[in-house]
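Listed features, source TrEMBL:
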{"type": "DOMAIN", "residues": "4-125", "note": "domain 'Gfo/Idh/MocA-like oxidoreductase N-terminal'"}
{"type": "DOMAIN", "residues": "134-249", "note": "domain 'GFO/IDH/MocA-like oxidoreductase'"}
Amino acid sequence: MENLNIALIGCGMIGREHIERIQNRIRGAKIVAVCDVFEEGAKKGAEIAGAGTKIYTDFNEAINDPDVNAVVVTTPGQFHKGPVLAAIKAGKPVFSEKPLANTAADGKEIVEAEMAGGKHLVQVGFMRRYDRGYRQVKELIDSGKFGAPMVIKCTHRADGVADDYTTAMAVTDTAIHEIDVLPWLVNDEWDEVQCIMPKTNSKVKNALKDPQIMIMKTKGGIINMLEVNVNCGFGYDINCEVVCENGVVNLPCPSFPTVRYANEVSTKIEDNWILRFIDSYDVEIQDWVDHALKGETGGSSAWDGYVASITADALVKSQTSGVPEKVVTGGTPDFYKK
Ligand SMILES: NC(=O)c1ccc[n+]([C@@H]2O[C@H](COP(=O)([O-])OP(=O)(O)OC[C@H]3O[C@@H](n4cnc5c(N)ncnc54)[C@H](O)[C@@H]3O)[C@@H](O)[C@H]2O)c1
Ligand SMILES: O[C@H]1[C@H](O)[C@@H](O)[C@H](O)[C@@H](O)[C@H]1O
């Protein structure tokens, strides 16, 4: 394969970002077809992609178009399974935005289909594995200089969320990033996870519980404390601090100039994920394209996506049980061992 001719399924917020990215900044790939259940949405996507882009409202038709040899899935999480399975069936490489699926049951179907086909075709969009800051933290931890990691403290804060954002989405849509990136960062696996609910922010006007505190223990005994807080009202604030035996590795928000003005010292905080991780998405999609052209996958595999969904299921269970819940994966199949 010399070039990826991509059908992108789901022309919403990140779908349109990825269309623009692939057409203008990614080598070896172009969007040849776009699909959205709403024709208007697909048309908007096609406008960004440029003249000649085919428009579909049925993902099966888009994926099975003979001019298409690769697929990007940017529908909401609960609708990833259909197009991902269709791409596997067609034998075409597929990049699925995170999460691979909203439930472990859906993730299992994808993993089983990929194994049955005997070819690695699925990459999951956990872009933090491509973020310069997270990569530097991993290098520092892997150097061994600071000793073994013992505690991780994270915040995943957002200015606000849409009205249809639910309590479970704090796990399946938001904490899912930490669920994937932290075990990768410290070379470990989740063992048990717990979600506890502090008092809810009075700005929340529906049934959403926000903030939430997630306490997650790895098999190696590392404890992570994660604050998910999606109505913080002051910006997109992602922090990660790893406490090791001989030192602390801290990844704060990327720095902006510090301003001294009117008796105050201040530093800007990024508005949203688009800007905070913009470089990571570029690196991630280019890496997917480079791998797919060689018949390979990079980044997070379908198995990683499935394990993240198993962990998310356990955390969602703990949202109601209030107690720690076990993360049971049954072990990595040989097909996915690196
Ligand atoms: N990696 C990241 O940081 C990041 C950032 C934002 C979103 N995401 C992920 O990307 C996905 C999309 O998020 P979004 O914010 O762009 O959502 P969105 O709601 O803005 O867009 C989704 C689009 O998919 C379309 N759609 C739904 N079902 C479809 C189907 N069966 N076939 C074709 N089109 C369909 C909708 O009409 C909509 O236009 C989610 O999984 C989300 O978690 C990831
Ligand atoms: O879909 C978005 C995206 O994945 C962001 O990176 C995350 O911070 C948000 O919580 C989520 O809603």
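First residue shown is number 1, and so on along the chain.
Using the three backbone atoms N, Cα and C, a Cβ is placed for every residue, glycine included.
Just so you know, TrEMBL annotations never went through curation; they're auto-generated.
Fair warning: this is a prediction, and the values are worked out from it, not measured in the lab.
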Find the average pLDDT over the domain 'GFO/IDH/MocA-like oxidoreductase' (134-249) in the predicted model and report it.
98
What counts of helix, strand and coil residues does DSSP assign across the domain 'GFO/IDH/MocA-like oxidoreductase' (134-249)?
27 helix, 40 strand, 49 coil
When the domain 'Gfo/Idh/MocA-like oxidoreductase N-terminal' (4-125) is classified with DSSP, how many of its residues are helical, how many are strand and how many are coil?
56 helix, 28 strand, 38 coil
